[in-house]
Amino acid sequence: MVRRNYTEDDVAEAILDTTDRGLSQNEAAQKRGVPQSTLSGRLSGQASRNERIQAHQRIPKSQEETLIRWVLRQESLGYAPSHSQLRACVEAILKQQGDNKPLGKHWTTRFVKRHLELSTKLGKRQEAARFDGFTPKAVNWYFDIRENEYGWIKPENTVNVDEGGIMVGFGLDSLVIGSSDPKKKAMLKGVQSRTWTSFIEAVTATGRALKPGIIFKGKELQKQWFLNEFELIADWHYITSPNGWTDNHIALEWLKDVYLPQTEPRDASDARLIILDGHGSHAQDEWMATCFLNNVYCCYLPAHCSHGLQPLDNGIFNVIKGAYRKELQKLASLTDSAPVDKVHFIRAYAKAREAGMGKDIILSGWRFTGNWPINRHKALTHPEIQPDKEKVPERFKTPSPPQLHSDDTPKTSRQVRDLAKHRSRPTRRKYSKIAKGLEALEMKVAVQNARITGLEEQMAQVRRGKKRKAVPNPNRRFMALAETLTAGEALPDSKKAEIEVDVDEKDESVIEELYEAEETRDPLMLHSIDMGWFVLDKYYALSGESPIYATALLLDPSKRARYLKVHWKEEWAATAIRDGRTIWEEEYKMAPALGPAQALSEASRSQQGQPNELDRLLNEIMVAEDITRDVDDFENFIHAQPIKIEGSPLVWWCQRDQVRTYPRLSRMAIDILSVPPGSADPESAFSGGRRTLSWDRERMSCVNLEKVECIGNWLREGLIIPSSRGGRGLVVDGEINGSIWVDSDDYLD
């Protein structure tokens, strides 16, 4: 028997026909198309089939009705959800209710089937065809949705959000005052940085601005970007991305950590509305599920219409960017041509935001676009709106293949055979041989291309399969500045983040193999390896704190600039030479030649008494050399050929010949090379103490631990010799001091 299609409304009308209109059950059932048994059961108090199976369904009826309204509203917006997006919303609801069981494979299909107002259809993307730019057609389409679907949402719960970007630095020309000479151009000094920084701003229809989100280009947030003076903007949110733009994760974290907490309505039952563009990050499954769970609706702007329909793009962003450029000009007048770093950007943008985020400016943006109060006439009279374009269908015409003339050079075997047509038989035979040769070459090229494609795919798989460092806690990528200031130790050190470490791919693969080896699976061993790398990175980064380290290499006669150019990166070597030259020019180039350097040189026998004729002659020669020297001592020395020396560079510079040849540079070299080097002994003492006093051994006193480490250091340095090796005590200058007797076992408690 064919089952009749009827709705609950038909059943209700049949019941009214029987109870109020005097029809029999059979007559009412035939009139409304409802089975007589169903009508009889309902009259006797029997529940409907949907109500009976409601107890066995995953979500209650009220939530299913909410889902239906959401699906229909999304369809009217032009963002009809797919089955996967609907599934994501339902799974989010179940997870919120503590139900972690997987949703049935055919749940979405059956959900659509049991609700007659829904249907699965083919979704066609008509963005370019439906919204041909900023036209009256697109404006009317948008305001039909804005008025009919979301006109009931309160203005204090209506938010416009958009992402903007600023090039750190300024490169715009402007009018200035200068010479009246037309040939003389006025050059503006300033930074020409190309670093891109994005910001996410949101404003309500009542003129309130939410806290912004700042997206820096980089890998990690740096401590030096944030100063204590920025306490007034400590509640801003900061994040980094490789290109300085937003992505799916950043958009979702902004929604959860910035928008939802700051727009909590007074009445929990009130809905919220976000007016935003149709970026892919705003239409992802998790975004829609999060909005649905928090009673937030999304109204998407038509493509290419944000400049006319979005409040932020009409006045607010323009004022902010103009004020930002003025702040940069003030900064350039104070700092000359210094680069605009993150600190300067935050300072300048904070002041620009104060100018552009006033309540009057925000409200004017909403009024000008007609978003609040809702007035489509405002948008239809926008100065940049374009008239609707009528598309004239073009007749389809099959393109004819290009004809090859006799004067054209054939490029394929088919073209060669085409040229052979209507030729004599001997000529066609020759053309045929040429075509066969080309066909063989074409086949060979096709095989080689296929092989190249396969190898490229293999290389792509290798690159995709390469291990990447796991990012801890990826669910919390935004960081408030207040957290940054209080937990600064969690941020990477600035120098550590700036210094690049060259790791060959081969060496990197070896390191990965070592980490994957069976003996390194021990957590204690892995921790030790990581701590070793941490300490190495720490001291390696400290070497860049002062330019003296690199300058000492330049002043080493056996190394000089050639050593840096061979073993260092080009930009590192250039920086080291520049820093060394700065020390030379600012502190030593114009300093007196006499000083500590000459005091360290050996004095001649004649200088101890009265100067003789030889001394006077030497002084004249030295003065003449000093006057006629045209080449800078620093440049002359570091670019000279390295030489082999005996002893240390400090001893070489203390020789009298070097003091005479480089009277001022020798002073600089002695001052730098006499700086005592840092010692690794304190770090070794801490490491040794941890090895001696492990985590499971806590009964050794501090005194005994100090004695053990002290004696161990003496043994390693050869200051004492164990009795098992014939030792008798403390060794001083190669001899045994009988008055001091040290044995490794005498003083242990």
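Each Cβ is built from the backbone N, Cα and C atoms, and glycine gets one as well.
Among residues of the same chain six or more beyond the DNA-binding region (25-45), those with a C-beta under 8 A of the stretch's C-beta atoms are 4-6, 10-11, 13-15, 17-19. For 25-45, the entry in TrEMBL reads DNA-binding region.
The compositional bias 'Polar residues' feature in TrEMBL is assigned to 35-48. Secondary structure of the compositional bias 'Polar residues' (35-48) per DSSP (helix as H, G, I; strand as E, B; remaining residues coil): 8 helix, 0 strand, 6 coil.
The compositional bias 'Basic and acidic residues' feature in TrEMBL is assigned to 385-397 (among others).
The feature compositional bias 'Basic and acidic residues' is assigned by TrEMBL to 405-421 (among others).
Sequence annotations record features per position, and here TrEMBL assigns domain 'HTH psq-type' to 1-49.
Mean pLDDT for the domain 'HTH CENPB-type' (51-121) in the predicted structure: 82. The annotation domain 'HTH CENPB-type' is assigned in TrEMBL to 51-121.
Positions annotated as region 'Disordered' by TrEMBL: 19-58 (among others).
Among the features that TrEMBL reports, region 'Disordered' is placed at 379-430 (among others).
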* Asked: Could you give the number of helix, strand and coil residues in the domain 'HTH CENPB-type' (51-121) as assigned by DSSP?
  -> 45 helix, 0 strand, 26 coil
* Sort the residues of the domain 'HTH psq-type' (1-49) into helix, strand and coil with DSSP and give the three counts. => 29 helix, 0 strand, 20 coil
